[in-house]
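A.B. asks: A single structure is presented below for examination.
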């Protein structure tokens with residue numbers, strides 16, 4: 001499993017020319033049947049190039065660009081948030097098939113449109129989870145517009161696709177553009193140069209209806225906001241998990257007969273051991289902006305033509321959240337902030353990848369709700385806004401949920417490159433300091449897991 005995940009990340013990332021500058025790798029039985037892979041991508045842009053995912057202006061064109069639509073990835077979003085059991089182990093059609101070379105072409109073509117044709121570009125949106133229906137409905141909802149799409153015009157690589165399949169396919173490497181009416185040809189030319197499909201599949205309409213046509217028939221006619229801002233909101237029942245009611249209030253205290261032997265064994269644990277064999281397969285130097293490569297507290301990339309740099313990190317410890325969801329959420333944000341500061345940066349903001357079990361189960365919803373409160377509190381105190389994120393629910397196999405795992409991705413600004421710091425020791429004889437008070441906090445630790453085979457006990461409040 002791990003070799004295939006690493007090959008997938010490296011193969012795709014290396015092909016599209018984006019350096020992999022850091023990450024976090026954790027091994028635990030909790031993820032054995034439901035492995036998680038969270039990805040964070042950071043970019044730099046000129047403020048003049050900022051685009052919105054909106055479709056506005058009656059009569060303006062909605063243009064589909066990129067790869068053709070296939071049946072791969074249908075129900076992919078729900079599959080990613082599905083509870084696994086023996087009955088759906090072979091549901092492979094929900095897994096998308098990626099083409100990194102086409103992705104690179106699509107990236108370059110979209111950037112060219114943004115840079116050179118911004119006077120006719122109204123909005124642009126990627127086709128991600130839930131495919132065409134999600135991207136198009138979001139664009140119309142943000143603009144307060146209506147939308148009419150002709151599904152016969154959607155580029156297809158398979159025959160006989162139904163409206164349901166066309167709208168919910170999550171085939172990769174696709175984007176949706178809204179362009180001023182009459183300017184379609186100049187947009188087509190850009191994508192034709194890169195060998196990509198660019199087809200007008202619909203237009204912005206008056207009112208607030210979302211209409212789909214297939215073979216000349218109206219197959220959907222619903223309010224736009226019913227698919228976006230006015231979707232049903234559930235009030236879930238919340239119950240404190242039984243596991244938290246039976247926790248010991250005492251700290252686990254290891255009894256070490258052979259401290260050196262224990263340390264050596266700790267260093268051999270997969271979560272603790274060096275990950276150089278993993279990140280060594282990634283291209284961390286492409287674009288020649290990488291200053292600090294994987295293996296330090298945070299990856300660091302320079303901002304060309306300035307003295308500034310960005311520090312990037314991803315952090316979470318699901319075991320802490322299992323013992324105390326709220327405190328564990330705070331710890332995840334605090335760890336990310338420490339890694340940014342330890343690299344010489346000032347935290348700017350976060351994105352969160354929220355991975356949980358089935359929220360329809362009151363105890364699982366408790367984990368989600370409490371950890372969100374912890375993340376919110378830490379972000380408020382650190383003045384780090386949550387600017388984006390995603391949610392993956394129902395991560396269970398045969399009724400067993402993963403640990404609550406809200407992965408925190410944080411970016412920080414290093415104002416002067418001379419302030420960049422790394423985690424390695426520099427010279428013999430240098431003084432080594434421990435900042436803060438060291439307590440006997442072993443609950444949820446790798447040491448507790450290694451010595452006892454389990455994690456248990458209470459996490460005490462974090463002083464943020």
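Note that Cβ sites are derived from N, Cα and C of the backbone, with glycine treated the same way.
Unlike curated records, TrEMBL annotations are generated automatically.
Per TrEMBL, the features are:
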BINDING   96, 170, 171, 172, 392  substrate binding site
BINDING   126  Mg(2+) 2 binding site
BINDING   352, 389  ATP binding site
BINDING   390  Mg(2+) 1 binding site
DOMAIN    2-44  domain 'PurM-like N-terminal'
DOMAIN    58-213  domain 'PurM-like C-terminal'
DOMAIN    295-414  domain 'PurM-like N-terminal'
A.B. asks: If you measure residue 170 (substrate binding site) to residue 389 (ATP binding site) at Cα, how many Å is it?
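C.D. replies: With distance taken Cα to Cα, residue 389 (ATP binding site) is 19 Å from residue 170 (substrate binding site).
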A.B. asks: Residue 126 (Mg(2+) 2 binding site): which of the binding-site residues 96, 172, 352, 389, 390 is the nearest Cα neighbour?
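C.D. replies: That would be 172, the closest of 96, 172, 352, 389, 390 to residue 126 (Mg(2+) 2 binding site).
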A.B. asks: Given the binding-site residues 96, 171, 172, 352, which lie close to residue 390 (Mg(2+) 1 binding site), meaning Cα to Cα within 10 A?
C.D. replies: 352
A.B. asks: Find, among the binding-site residues listed as 171, 392, the one whose Cβ has the highest number of other Cβ atoms within 10 Å in the structure shown.
C.D. replies: 171
A.B. asks: Cα of residue 172 (substrate binding site) to Cα of residue 389 (ATP binding site): how many Å, rounded?
C.D. replies: 19
A.B. asks: Using a Cβ cut-off of under 8 Å, list the residues of the same chain at least 6 residues beyond the domain 'PurM-like N-terminal' (2-44) that approach it.
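C.D. replies: Result: 84, 98, 100-101, 103-104, 107, 269-271, 275, 278-279, 281-287, 289-290, 292-294, 296, 298-301, 303, 310, 312-319, 322, 351, 353, 355, 392, 395-398, 400, 402-403, 405, 407, 409, 411.
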A.B. asks: Determine the mean pLDDT over the domain 'PurM-like C-terminal' (58-213), rounding to the nearest whole number.
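C.D. replies: Computed over the domain 'PurM-like C-terminal' (58-213), the mean pLDDT is 90 on the 0 to 100 scale.
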A.B. asks: According to DSSP, which of helix, strand or coil covers residue 126 (Mg(2+) 2 binding site)?
C.D. replies: strand
A.B. asks: Could you tell me the C-alpha distance between residue 389 (ATP binding site) and residue 96 (substrate binding site) in angstrom, no decimals?
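C.D. replies: Given the Cα positions, residue 389 (ATP binding site) is 20 Å from residue 96 (substrate binding site).
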A.B. asks: Other than its own, how many Cβ atoms are within 10 Å of the Cβ belonging to residue 172 (substrate binding site)?
C.D. replies: 22
A.B. asks: By DSSP, what is the split of the domain 'PurM-like N-terminal' (2-44) into helix, strand and coil residues?
C.D. replies: 18 helix, 0 strand, 25 coil
A.B. asks: Which residues does residue 352 (ATP binding site) neighbour through Cβ under 8 Å, counting only same-chain ones at least six apart?
C.D. replies: 375, 386, 389, 406, 407, 408, 409
A.B. asks: Which residue counts does DSSP give the domain 'PurM-like N-terminal' (295-414) for helix, strand and coil?
C.D. replies: 44 helix, 43 strand, 33 coil
A.B. asks: So how many other Cβ atoms are close to residue 389 (ATP binding site), meaning within 10 Å of its Cβ?
C.D. replies: 15
